[in-house]
Structures are given as structure tokens and as C-alpha cells.
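Listed in TrEMBL for this protein:
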TRANSMEM  B:32-51  transmembrane segment
TRANSMEM  B:58-77  transmembrane segment
TRANSMEM  B:83-102  transmembrane segment
TRANSMEM  B:156-175  transmembrane segment
TRANSMEM  B:208-229  transmembrane segment
TRANSMEM  B:249-269  transmembrane segment
TRANSMEM  B:276-299  transmembrane segment
Amino acid sequence: MTEKKQSHGIQRRDFLKTTGAAALGLGVTGFPAVLRAQPAAVKVGLIHPVSGFIAFSGTQCREGALMAIADINAAGGIKSLGGAKLEAVLADSQGKPDIGAAEVAKMAEAGVDGFVAGYSSAISLATSQEAAKTNTPHIVDVGVSDSIVNRGLSNTFRFGPGYGKIAAFAVDNLDTINKAAGSPAKTAMIIHEESLFGTGTANLLSEKLPEKGIEVVEVIKHANPTRDFTNIVLQIKSKKPDLIIPANYYNEYVLLARTMRQQRVEAMGIYSVLGGAASNYKFVKEFPEAAEYIMDCNHWFNPKSDVALQRKKAAEDKGLIYTYEVFLAYNAVLGLADAFERAGTTDKEAVNAALASSTMDMSFMPYGPTKMVNGQNEGAQPVNTQVLKGDIEVIFPEEFASAETVFPMK
Amino acid sequence: MKQLVLLGLVFAVIGLAPFVISSEFTLNLVIMVLYAALLGQAWNILGGYGGQFSFGHAAYFGTGAYTVAVLQVQLGINPWLGLVAGGVMAMLVAAFIGFATFRYGLRGSYFALVTLAFAEVLRILSNSVPFTGAGVGILIPLDQSAANFQFASKQGFFWVIWVMTLAAFATVWWIGKSRFGAQLMAVRDNEDAARALGVEAFKVKMGAIMLSGLFSGLAGVFYAQYFLYLDPYIAYGPAISIESLLVPIVGGLGTLFGPLLGAIGLHLISEATRELIGDLPGISLVIYGIVLVIMVLFMPRGLAGLVRRLWPKPAPAKAQATEGGHA
């Protein structure tokens, strides 16, 4: 861990010390001419919840962002800035918005040129708002709440899709998949966790699914964490829905899926929206029987892109599980670096303007052309995945599909 | 009177912060220390002076926070009015919980568990009803102006929390000197004996829980306006209840300056551990926990007790302070 950080970034304490010492040195002695020729490093603040109950996802984000920084530096840094290297300044939000915001304030004062944060929507709302006070560019890597980019903050951008788009996409594609199979699914049951993401998903699906001819027979909310899904699964068995729609984080998703398997729940399909485990290689590897045939609507890479596959391999070579956190954080750093490149400066206003006009090529993702509207990349979209023969395949949209949909699953 | 002078002096020194601190981060740290001191002092009124250990102060904090947020977002009511409403609502919730528990003579661990249960009930309720945004939470629209209780710089927030915290500390100073305070501490030390002496224990405890609820609610209002986003876990989750009781326990239970010392100590430890080894995930929290355990083990009277040990008062005053609840 320490080695990784030494190679990709600097310790925050060292960074603060160095900037302080550098400022002092400049004031007292002036800058030696030989040093002036060196391009100053571009500091990127990476703020993620690497401890606390969402530590796994936060750590994945951090690793993805560090990989991007390493790749950009290996490719020559920011060329328009004379090959300036990116330097990561790391912080842990501990899963708390207030700590995330405090870290932003600290880094902004220490001269960080841009932020990539903060995994969850609640933390991203706090960090972007704090960064807005100094107009420091802030890229949201994973947080999907539409409120993040709807507040009119000129420094806040997101290259991945927002929640509204994902949910609409999920409903439309479920309808398409169901119709393609002759509309066998008539009923659904939603099991969701209690926070923003699970509740929002459940509300939206409860409203939209009936419009597609699928009756929602029951919605069950559970706390985080929940470690025993027996009662919930018994309720599912008694209702016998055609579709089971889980919307929960990794641990709960795995436990729910395992319990359903143990209790021999029979349904035509399990269809998730931003499923915590359904698009996760760890789940597929560890519980292949429980994972088989599960469908998900989630962030994913373009399986037909060589660049995407190379990055996946590079991540796996480092021992990482290639989850969406890794590549979304990677993309966020790419987007920020692209803005520095096009702006040719680290001036905040110029970098924000460059981000707002970004047309970065993201063909390694299943996206359309990059187009920022109010900080949101309108070209971004999720895909449908399905676990087939122990692997995660893209099944929709067809242009990115790597396998045919299996539905109903029995 | 000495304590009042000292209190004035301490807050005057703290009040210099916006003039001498140019760093937004450092000022934020001072703000968060004052916010934690306010939370801790609110708990201290009931737990430290009243001897009623609550594990559910999030109930009042969350009520204050949600009141100001819901009034703004759903009804368009100015947050300054929401500040008053938040405090009053939190006080009413405290009155309800107090009535439901003290009326039936719940004490000790039973009282603690029931308060915890109330906070959980409120968390589940706020997670279910639509006007709080349910599990999605509630986002206060960004509209920075002093009239809207959203300051562009941290100075504005500093003065709000400074006034709130000063009010809480002044109230506790008054408790330490007043008949009400003497009765409250008598109830804490031996409720049955206090009753035998004519103290209306129920009334006294109700007064304490309502004051405690009021200041916790004000802390909630402040949090809502400072961070502009709430969800049931943030507002009514156990973290707030734990922070509320940790601050005075570390600082010094039943003392005037204990919560301030506790807030400073906890934030300094937290910052120091994050600064020194914050890049190793979770290690800072482990160190933080170890330091806390050591402090509780070796400083049972908190930081205020340590201060008293280092600078002992003359013997009679010392005895009075130990029993009477003054740092």
C-alpha cells in the first residue's frame, strides 16, 4: 500500500510540508533558474471513503484514480503544461460528508488543482459544494444523485450517468427484454436498502413498472446492514413474483441472493438496478450458482473496446477486482487531465470552462459522444449485464452486447 | 462569578478566531469544535448534571435538523425562523420522551435504552414518510446569503455557532449556580433522598431534558444549514448520539468546561491521527479508539479532572467542585 502511494502520489502531510517549504523558499531566496524550468506538478485531490462501512467501494475508487494518474504520467503527463506530472493528494472521508468537506477545504488551501471525489452521493454533495467556494474543479466519480449536478455549481462535473437516466434506462430495457420473450413477466417484487439509492430506485420502479404492464406486488425495505434475509425471502416465496428486483449494497445483495438460492426461490428473473453485487466479479467468482442469470442495469465498460479490456487486465494484474468504482474513478481522472491539457493551465476558471466544453473520446465506455450540460455528461449511459456461465456479459444495448439475453432464466 | 469571568474570557479568545485565522480549513476546525462542544454541553445538562444517561440525543438533533430543512424545502419558510422552530420542536420531542420515561420512573440503563429506541423510531419514521424525503434524504437548495442562513464564507457560520455554544455554556453556568441546578444535582446524586427533601424530581428532570433537547436541536439546525443535506442516518443515526455523550465523558462529566475540553481533545486527536497516518485506511480510527480507551481508563474525570489535578484549587473549593459540578 505504501509502495503504491510512493509510486503514484504523495502523502498529504508531505505535500503540505513541501508546499509550505516551497513557498518559504520562494519568498526568502527566490527560485533557482534550473528549477523554474521544471513543470510544476498538477495536484489532484482524491477524497474517498477508504474506511467505514463503504470502505471497499471507496478503496476501489482510490485505486482506479491512482491507476489513471500512473498511466497519464507514464504517457508523458500534461503535455500542454510542459509534461507536468499529476500528483495524487489522498484523503479519507470515512464515509462522512462533513469529513469529506473538511478535507476539501484543507486541500484547496494547500493548492490542489482539482478534485475527484467522493463515491457516495451524500459525500459528493458535500465535497462539491465545498470545492465550489474556491471554484476548484470537482469531478464526481460515482455518486449518481441528479441533485449533485442540478444545483448550478460551475465547478462540478460528472462523466458517468446520473440516476434519472439509469432508472429510465433500466425500466425501458426491462420492458424490451420482457417483450422480446413474449411478455411472460407480469409481477415484480422490489427489495431495497433504506438510503437514497435503494429508496429512490424503489420509488421510481414502483411508479414506472405498472406503465409497462408489470404489477409491483410488494416493496420491502431493509436496513443497512441486514444480516438475515430469511424472513424477506419467505415473503418473496409467498408472493411468487415473476421478477425479483433487488436494490442494495454489496453485502446485502450477496446475502439476499444466497438466501434466495438456499430457499429455492423460483422466479423468471432477478433484475437489479445498480445492483451492489450483480455486476461484481467478486460475487460471480465466490457464489457462481447464486449469481448465474442475474441481470443488472449498471455502469459498465465497453466489452468491444480494446482499450477497456487492456485497462481491465492491468487492474486485474494489480490484484484488483475490476468493479465499476475502479473504471469510473479512472475516467474521472482522465476527464480532469483532459481539461488541464486543453486549458493549458491550472487556472480554475479555465479548467472549469474546459470541462464544461469537454468532448473527450470515451469510446472505451458504452457512451455516446461526450457532451456536458450543467456539468453532466449527456452522452453517458448504463448498460444491462447478465451473469452467464460464470462471467459478466453485456446484453443490452445491442451495439455493445457480448452475449444474448437469457430470459426467463428457467 | 469567577467561572463566569473565565467563561467570558474563553469565549472572547475563541471569538478572535475569525480575525486571526485566515485559513478556511482551520476556521472550519474551530467551527466543528464549537459544534461538538454544543452537542456535548446539551448532553451534559441531562447526563452530567442530571445523571440521566441518554443514548438517543440524535432524536433531538435530528428533529432540529429536519425541522429547518422541511420548513425551508416544503413550505418555503425562512431558515432563521426554522432555527427557532427547530429548537422548539426538539424541545417538544424531548418533553415527550422525558414525560414518557420519567413519568414511569425509568432510570439508568432502562432510560438509556428507551432513549436509544426513540431515536431509532424517529430514524425509521424519517426513513418512511415522504415529507422528510424518506430514504432519499432532503437537500436544501444552495442559495448563499446571510438572510437565507447560508454564508458564503465560514465567518458567518462561525458567529452563529459561537452564539449558540455560548448560550449553552451560559445556561450551564446558570444551572451550576441556581436552585434548579442544585435540585438537578441532588436528583443525580440520590433521587430518593432528593425527593425526601422535597425536590420535585420529575419536574426537575423534565426541565433538564427540555433544555438538553433545545440545544441539541439547535446543533441540528446548524448542521443542516452548514452541510445542506440530511438523510435519516445522518440526522437520527447513532453517530450523533455517541458524539454527544463522548464529548463530555472525555472532557469531564458534570463540569462547565468539560464539553469544550472534550471537543477540543477529540478533534485534535482525530485531526492528528488523520494527518499523521490518514492515508492508511482505518488506522487513524484505530489509533483514535485506542487513545479514547486510554483516556477513559486513566482519566475517569475527563480532561477537566486532569486540569484540576494539574492546577488544584484550595481544598474546600476542590471538594465543592467535585461534588457540585464545576470545572
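Yeah, the Cβs are placed from backbone N, Cα and C, and that goes for glycine too.
Contact check: the transmembrane segment (B:208-229) against the transmembrane segment (B:249-269) gives fewer than three Cβ pairs closer than 8 Å, residues 6 or more apart, which falls short of the contact criterion.
Counting Cβ pairs closer than 8 Å and at least 6 residues apart in sequence, the transmembrane segment (B:249-269) and the transmembrane segment (B:32-51) reach three or more and so form a contact. With a cut-off of 8 Å between Cβ atoms, the residues of this chain six or more beyond the transmembrane segment (B:58-77) that come close are 39, 42, 83, 85-87, 89-91, 93-94, 97, 115, 118-119, 122-123, 126, 131-132, 138-141, 212-214, 216-221, 223-225, 230, 232, 234-241, 244.
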